[in-house]
Structure formats: C-alpha cells, structure tokens
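Asks: First the structure, which I've put down as structure tokens, then a few questions once you've had a look.
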Amino acid sequence: MTKILNSNISRRTVLGAGLAGASMLAMPSILRAQDKSLKVGVYGGYFKKSFDEHIFPEFTKATGIAIESVAEPTGEAWLVQLEQAAKAGQAPADVSMMSQVAMLKGQATELWTPFDMSKIKNGSNLLDHFVNKYPDGRIAGIGAVAWYITLVTNTDAYPEPPTTWQALWDPANEGKLGLLALVSNSFLLEVTAKTFMGGTNALDTEEGILKAFEKLAEVKPNVALWYRDEAQFEQALKSGEIPMGQYYHDVTGLAAADGQPVRSTFPKEGGIQDSGCWALSRASGKGDEAHVFIDYMCQPAIQATLSRKVGTAPTVKRDLLDLTPEEFAAVSSDIEPIIPRYDLYQTKSDWLNQKWTELIVG
Amino acid sequence: MRREAPQSLADYAPLIFPAGMLTVFFVIPFGTMIAVSFFQRLQGAFYEPAFVFSNYARFLSTFFAGVLGFSLFLAISVAVCCVLLGIPFTYLLTRMQRKTQVVWLVALLSILSLSEVIIGFAWSTLFSRTAGITNLFVALGAMEKPVALSPSFGAVLTGMVYQAFPYTVLILYPALVRLDPTLTEAARTLGASPVKAFFTVVVPALRNTVIATLIMVFIFALGSYLLPQLLGRPQHWTLSVLITDQAIYQSNMPFAAAMAVFLVLVTLALVGLTLFIGRKGEAA
C-alpha cells in the first residue's frame, strides 16, 4: 500500500499523462476541421443517427460546410450545458435542436443569437407558429422538426376508432388508459381546455387552469398507467393490456405497419403538436454558416425528406410539399393541432407541477 | 489475540486510501447536495447560490408527508417480508447438502445480475391480464377469467421483495452457517419440537443479524424508484420517484436536493432508533 503511495509517479505526471491522452482524443476533430464547419446539436440516438445518415452529408455536398454533429441529451441538461459554456465564451455546439420550453428558458438569459431572416430566404415557407420569437420580436429559433401525440387504440379491443379526446373521459373506458405521467410532456391540460373549454386560451388565468385540473381529475379512474417510460406503454398497447391512451403518431404508425393491432387517430379537436427549434448559441462565432444551414433545412424538399426518412411532421406549409396524401398522413394531419402552452411551463412550472402531482398521486 | 492500538501517525497510513475514496465519492457529492438544497430556485431558469430555506419549506406539507410516510411504510414492509421469508429459507438451506446449497446460492446471486428494468418488466408481464399468471389459474379452473394484478400495491411489494431477497439471504447465510448445531440439539433433547426449537433458540441467537438485515434491506428498498413506477399506481410512487421528477424533468435541483437530504435524515433517525432499541433490549 505505502509502496504504491510512495512510488515515483507524482501527481504532475498523472496530470500530464491525462492531458496527453485528452489531446490524443481531441486530435481527430482538429484534423477534420475545415475552413467552413458547423457544430450541430441533435437529440442523441435515433435523431442523430437519422440526421447523420440522410441530412448532413447532403448538406455538406450542397454547401461545402462540414457538419460535426453532437449528441445532446433530452430534457434540459443540454440547455444547462450551453448556458454555462456560453458564460465562459464557449459553444459545445453552434446550432442546437431545442425543445420549446428550453427555447423560452434560453430567451430569459439571451442565450440565443437572433436570426436575420433576410439571410434565410426559405424561412417564408414555415408555418407561422414554428418561428420562435423574443418578446420584442427578434427571431430566437426556427422550427426544425415537429411530431404529434395522438389518441391511440388497440384495434382488437376497439374495432371502431374513437373520434374525440372525450373518449378519455368515457366511463366505459375505466381502467383502460395509458397517459404520460408529467404535466409538461402529456399536455393534457391543453387537451382538456381544447375539448371542453373552447380552446387553450382558457388556461390564461389560474382559475381557468384549476378548472381544467378539476375536469382532468375525472379521467383518473380510467387510467391504468401513468407512464414515463414509452416502451412500457407501447408494449401494453400492442398486447391489449392497456388498449387506449396517448402516444406518438409516427411510432404508432410504424408499429401498425409491422402488423401490430394498433392505430393512431387524430381526434376532431386535433392531435397534440410538439416541436423542436434550431437555435444559435450566443457564444458561437459561426453565425453565417448557421444561417446557411437553417435556410437549407427550411426547404420544402428537405422537410419532405425528413418526413419520409425520420418520420417527423413538416414545419413548412402543406401546399409546398411534394408528399403524397399517404406520406403526409403518416406524419401529420390537416386537422388544426393542439399547440401546447409552453409559456405556462416556463412562468408557472413549479405551481403546475405541484398541482399535477397532487392530482395524480393524491 | 489482542490487537494493539495504533501508536504513531504512520500506523494510520493504511486508512488514507479508504478515507480518500470516501471523501471523493461520498463526502464531496453529499456536501454539494446539502449546499444545493439551500440554493435559490429560479423558475424558468436554473438556480443561483444563496442560503434560503424555501426548498425545505415547500417539502413541509401534508402531501409530501404522505408520500414520505408511504415510502417508509413500503421499505419497512419489504424489509419485514424479506426477513420473514429469508430466515426459514436460509435455515433450511444451511441444512442441505453442500452441492445443493451451491446451486441455490448461484441461482440467487444470478438475480443480482438482473437490472431493475428487467425485473420490473418481467413482473408486469407476469401480473398482466393478457399474458399473466391468472391465465394459468383460469386454465386450472381456479378463476373465471384472467385479471390484471398490476398496477397495485401487491405488485410493487412482490417486485421489491424479489429484488431484495438475494441480499437478505447473503447476509443471513454466514450467521446461520456458523450457528452451533448443538444449540438446537440441546433444545431437542430437552423436549422442544423442531418448530419450537427454531423460534426459541435459533431466532433469538440471530438477533443482531436480523436487525442488521432489516436495516440493510430497508435502506436498499428506500432508494427504489423504478419498480414503484413500473408496477404501481401513482399513489404507490415513492419519494425517490418525486425526487427524480424534480431533478430530471423540472430541473429543480434545489428542491430535489432538499427532499433527498430530508430522506437521508429520516433514514438515519430510523436506523439510529432501531439500533438504540436493539441495544436496550440486549441490556435488559
């Protein structure tokens, strides 16, 4: 023991070796760096893999800008890292794909460099709600990808598809539902407001939100599973153990295509549309490249490729796309979507979370 | 053999390594957690260094008291079930042939190699309506139609006992193996039945081991956050589940840290109480 401690390897030697090792690991990226390059953060796993395969190589071919993709964790961990790095003048990624709530939180600290729309000609293709703006109108983020959460059912248990979110409240469905477990990812308050209270504007006041909670409480006896883990619900839905619930439209479609007895329905009140934005860290020095990249991503052809290859809903207007009706239906719908009230999850997040937890746990 | 007390500073040298490890991997992270629990939460952003009690104040409500109470109740139930099942099981195991013992121990140890996720999914399948054990009962004519046994309290308890049982056996095994067989033989020759000998001789002789096992399984079960989610309803979620929610999904580190500190304090208090009562009982 003491022999090891007294050996000649000093702390400095160890540090030196560590530094040498770290720079060895960093070498490839130094060698790769070209005159024009851009570090792009995308959600790790499926998204990063799909983008690396279908999108980034074509982009480099078209523009000569090399892309180094960075896997970002979901949740807000990435926002924290960007924020702290920016304070030190560093950008772990120049452009990142960010959730809407993370966009708002980043706005609060001026983390995002505003975009110059005159440099993003294709930006006019976008649907209005995919342009994320600072309160004073500067553009903080541009819609990257969108996806839907819809009403899903097991076709053996429900030969006829439900047509409305009211099915969640139907007493006949006691103990049959699987719903997402968090207020900030299930968006059930918005569903309640749109279905029973005339629209998500009903959530403007605390009284309105409390009323929505009250209505939502009636769903509780119908819920068999409040899930955080998607695989758990997906498996239960396929087997018919939990034959109804809310789930991702694209994944359900893929399962149905595999021959599983499941279907995804856009209720008449609309599916829940969640999305991610491209945003540029204020610590990045690659503003020009970032604008080129985002302009490229806003092309209808690229959005169509994303829909076909990655399964995301397009962020540009429907009539600009060359998607067939089937291809479009696989990822989206013409029914007006329920758009989550992201602002609430920023300004009232703790209160909402507390009320929600008390609602489902209590 | 008598061990000499350390005489000089050098005699303490072997302690440097474990102490260093303990500092780096336990004291520093735990200290950070305590510090963060007093930080100011910034809603819509993160947190900033401060010294406020608001995180603890938020925890002091009947709602969280209820969740904490349930978590403790669940952990105690798991500990008691494990010990009640574990003592007779391990006792019988030690009376078996060496070969049989090895097979049993290897099987039990292999449970430890399963991740909590796999255990949770396996039990939720076993307890399901579509593929679960109730289908077996229906086939045997014991039930009318298959029912879902999960999510329920029983499902959570079963899953957690299953997960903690190998630990229980591993702690009890050495003590039971070393147990002097002449003790039971003496009881038997004096006229006690095997069952009576077990309860009046074996169990009291194992007192300290049993208390140690209870504490160990209790603490192990208290940290569980996956099985209650996979097998239980929201009312069966433990405090650990809510801590995860706050830390990961709400990025409310100060509140998550405050809840964790509270959980540690309550745990330490309960363990202290158990040891105190145990020592008192011994003195009597």
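Cβ atoms here come from the backbone N, Cα and C positions, even for glycine.
The annotation transmembrane segment is assigned in TrEMBL to B:12-39, B:59-90, B:102-123, B:153-176, B:197-227, B:255-278. For B:68-274, the entry in TrEMBL reads domain 'ABC transmembrane type-1'.
Provide an account of the burial state, proximal residues and distances for the features listed.
Replies: Listed as Cβ neighbours of the transmembrane segment (B:12-39) (distance under 8 Å, sequence separation of 6 or more from its ends, same chain) are residues 6, 47-53, 55-56, 253-254, 257-258, 260-261.
Within its own chain, the transmembrane segment (B:59-90) is flanked in space by residues 156-157, 160-161, 164-165, 167-169, 172-173, 176, 198, 203, 206, 210, 213-215, 217-219, 221-222, 228, 235-240, 242, 255, 258-259, 262-263, 266, 270, which lie at least six positions past its ends and keep a Cβ under 8 Å from the stretch.
With a cut-off of 8 Å between Cβ atoms, the residues of this chain six or more beyond the transmembrane segment (B:102-123) that come close are 93, 96, 150, 155, 158-159, 162-163, 165-167, 169-170, 173, 224, 226-227, 229-231.
Non-local neighbours of the transmembrane segment (B:153-176) in the same chain are 74, 77-79, 81-83, 85-87, 89-91, 93-94, 105, 108-109, 111-112, 116, 119-120, 123-124, 127, 206, 209-210, 212-213, 216-217, 220-221, 224, 227-228, 230-232, 236; each lies 6+ residues outside the stretch with a CB under 8 Å from one of its CB atoms.
Here the transmembrane segment (B:197-227) has long-range neighbours at 71-72, 74-76, 78-80, 82-83, 86-88, 91, 116-117, 119-120, 123, 156, 159-160, 163-164, 167-168, 171-172, 175-176, 179, 183-184, 186-188, 238, 240-241, 243-244, 263, 267, 270-271, 274-275, 278, 281-282, meaning same-chain residues at least 6 beyond its ends whose C-beta is under 8 angstroms from one of its own.
Remote same-chain partners of the transmembrane segment (B:255-278), defined as residues 6 or more beyond its termini with a Cβ less than 8 Å from a stretch Cβ, comprise 33-34, 36-37, 39, 41, 55-56, 58-59, 64, 68, 71-72, 207-208, 211, 214-215, 218-219, 222, 239-240, 242-244, 246-247.
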